[in-house]
């Protein structure tokens, strides 16, 4: 039996990539696809998006959660909240890569149903997270930490969810409080000692570049990741969905790509 996977936000850049990954993965099949209400594709076959599979695009999140073994969401904070409620109602595991979700208590929903959330589904970025954690543990607080990220000119959240996740990982490894030690460079103030600095760039169609620097007066250690194609995020999301269903479908909890890899 193949794993039935629903996709929320099927017309978005990530949604289309995920659909394409699903049709090439032998472990899964597409159970349903959701687009926002009012889309011209509602009640049409997903054929114009990827391939004629006899699956119609719907605006009903509930219908897709009810008919799926696991659901993948890459949408907005508002839509993700609807997904979380549906996941709890139908006890359907949820994988989400939606960012900009400040104020959402994922643990509250994860107490009822398995939820896997990551700011970045790329295997490479999750390897980077492990590397910066190890570097922070080895270097302690003797190095200034700087995180720089660049994305396309339409990205709304800043710094990116991935950059924040990198910062939190470093703070935890260094045994410092992230909230009181992180800051976004601005104005003419000198650098905060012991702080985790963030710098942000937006331009063109950049998919996602992240750089973490550990710097003292003698040397600089730099760890980088550059996304070349969004397929890396889609492939990771499908991998996460398969892992969540095969390993945790009956075990409520909050998981991440760090658990998958």
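Quick reminder: no glycine exception, Cβ is built from N, Cα and C everywhere.
Small disclaimer: the values here were computed from a predicted structure and weren't measured.
These come from Swiss-Prot:
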- 151: active site, proton donor/acceptor (ACT_SITE)
- 155: active site, proton donor (ACT_SITE)
- 9, 10, 11, 12, 13, 14, 97, 98, 99, 118, 119, 120, 121: NAD(+) binding site (BINDING)
- 36: NADP(+) binding site (BINDING)
- 152, 161, 162: (S)-2,3,4,5-tetrahydrodipicolinate binding site (BINDING)
Discussion item. Measuring Cα to Cα, how far is residue 11 (NAD(+) binding site) from residue 162 ((S)-2,3,4,5-tetrahydrodipicolinate binding site) in Å?
Written reply: 23
Discussion item. Going by DSSP, is residue 155 (active site, proton donor) sitting in a helix, a strand, or coil?
Written reply: coil
Discussion item. I need the nearest neighbour of residue 99 (NAD(+) binding site) among the recorded positions 151, 152, 155, 161, using C-alpha distances.
Written reply: 161
Fill in: Cα separation, residue 162 ((S)-2,3,4,5-tetrahydrodipicolinate binding site) to residue 121 (NAD(+) binding site) (Å, whole number)
10
Item to complete: Please report the DSSP secondary structure of residue 162 ((S)-2,3,4,5-tetrahydrodipicolinate binding site), reduced to three states.
Response: helix
Discussion item. Just to confirm: which same-chain residues, 6+ apart in sequence, have a Cβ under 8 Å from the Cβ of residue 162 ((S)-2,3,4,5-tetrahydrodipicolinate binding site)?
Written reply: 119, 120, 125, 149, 208, 210
Item to complete: Measure the Cβ-based neighbour count of residue 152 ((S)-2,3,4,5-tetrahydrodipicolinate binding site), defined as the other Cβ atoms within 10 Å of its Cβ.
Response: 13
Worksheet item: Of all the binding-site residues given, 11, 119, 121, which has the fewest Cβ neighbours within 10 Å once its own Cβ is left out?
Response: 11
Worksheet entry | Cβ-Cβ neighbours of residue 36 (NADP(+) binding site) (radius 10 Å) | 16
